[in-house]
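One structure is given below, encoded as structure tokens.
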Amino acid sequence: MGHKKVVFVLGPPGVGKGTQCRKIASYYGFVHISAGELLRRERQVRNSVHGELIDSCIKDGKIVPAEITCKLLERHMEESQQDRFLIDGFPRNLENREGWSRTIGDKVEVMFVLFIDCPVEVCIERCLNRGAAAGSGRFDDTIEVIEKRVATHLKETQPTVDYYRELNLLRVVDGNKSEDAVFEDIKLIFNDY
Ligand code: UDP
Ligand code: MG
């Protein structure tokens, strides 16, 4: 796969990973890949063997096995002529991380991990607003599913974030600000690369 590099972007549900990734992608010329979006698309593919599993994971706020997610990520990167990617919303737990190392880790360099931090109460509010907004709502932006996603984030994703902090790969920004203010902080990080 040549010399491909990625930045993983993590943060609680609703923190604004997708919004900020779109800004970073256009400003710095990265390709934005949302793992959640790839999975939502895959569940719509007719006769997809993984459709039902993906569906039940998303509805339950659970994490889809790495075997499935990594295959989708790898396919997307291989098909692209570009060499710098933002992977939004992955890896979410130890199993995801190990799956990545096993399948893609030797071929693609992880530049760093961007963590957008924010109190979960604020994130829940944002998800609910998004869920209520006509047209832009996601089927998993209901209070029941949001609470499960937050619980999964705290229990499984937070330890993964801590793991990258120990490796000195973590870069943290405060997501509890306006979209533009958060992006200004993100620029300070990306300008170094
Ligand atoms: N998801 C997953 N693995 C991933 C990314 C997403 O299992 O690598 C599932 C998970 O069920 C999650 C849902 O997709 O709750 C939505 O993820 P997304 O990142 O789009 O939403 P966010 O957590 O940012 O609100
Ligand atoms: Mg997202």
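Just so you know, glycine gets a Cβ as well, placed from its N, Cα and C.
Heads up, TrEMBL stuff is auto-annotated, nobody curated it.
Residues or ranges marked as ATP binding site by TrEMBL: Gly14, Val15, Gly16, Lys17, Gly18, Thr19, Arg130, Lys177. Under DSSP, Lys17 (ATP binding site) is assigned to a helix (H, G or I) in the three-state scheme.
The Cβ of Gly89 (ribonucleoside 5'-phosphate binding site) lies under 8 Å from the Cβ of Val9, Leu10, Lys17, Ser34, Ala35, Gly36, each of which sits 6+ residues away along the same chain. In the three-state DSSP reading, Gly89 (ribonucleoside 5'-phosphate binding site) counts as coil. The ribonucleoside 5'-phosphate binding site annotation in TrEMBL covers Arg40, Lys62, Ile63, Val64, Gly89, Phe90, Pro91, Arg92, Arg138, Arg149.
In the three-state DSSP assignment, the secondary structure recorded for Asn96 (CMP binding site) is helix. There are 23 other CB atoms within 10 A of the CB of Asn96 (CMP binding site), with all protein chains counted. Taken from TrEMBL, the feature CMP binding site applies to Asn96.
The region 'NMPbind' feature in TrEMBL is assigned to 34-64. Within its own chain, the region 'NMPbind' (34-64) is flanked in space by residues 17-18, 21, 72-73, 76, 87-90, 92-93, 95-96, 138-140, 145-152, 156, which lie at least six positions past its ends and keep a Cβ under 8 Å from the stretch.
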For a Cβ distance below 6 Å to any atom of ligand 1, name the binding-site residues from Gly14, Thr19, Gly89, Pro91 that qualify, or say none.
Gly14, Gly89
Other than its own, how many Cβ atoms are within 10 Å of the Cβ belonging to Gly18 (ATP binding site)?
16
10 Å Cα neighbourhood of Arg130 (ATP binding site): matching binding-site residues from Arg40, Ile63, Pro91, Asn96, Arg138:
Arg138
Taking the binding-site residues Val15, Gly16, Lys17, Gly18, Arg40, Lys177, which residues show a Cβ-atom distance to ligand 2 below 6 Å?
Lys17, Gly18
Calculate the distance in Å between the alpha carbons (Cα) of Asn96 (CMP binding site) and Ile63 (ribonucleoside 5'-phosphate binding site), and round it to a whole number.
9
Express the distance between the Cα positions of Arg138 (ribonucleoside 5'-phosphate binding site) and Thr19 (ATP binding site) as a whole number of Å.
15
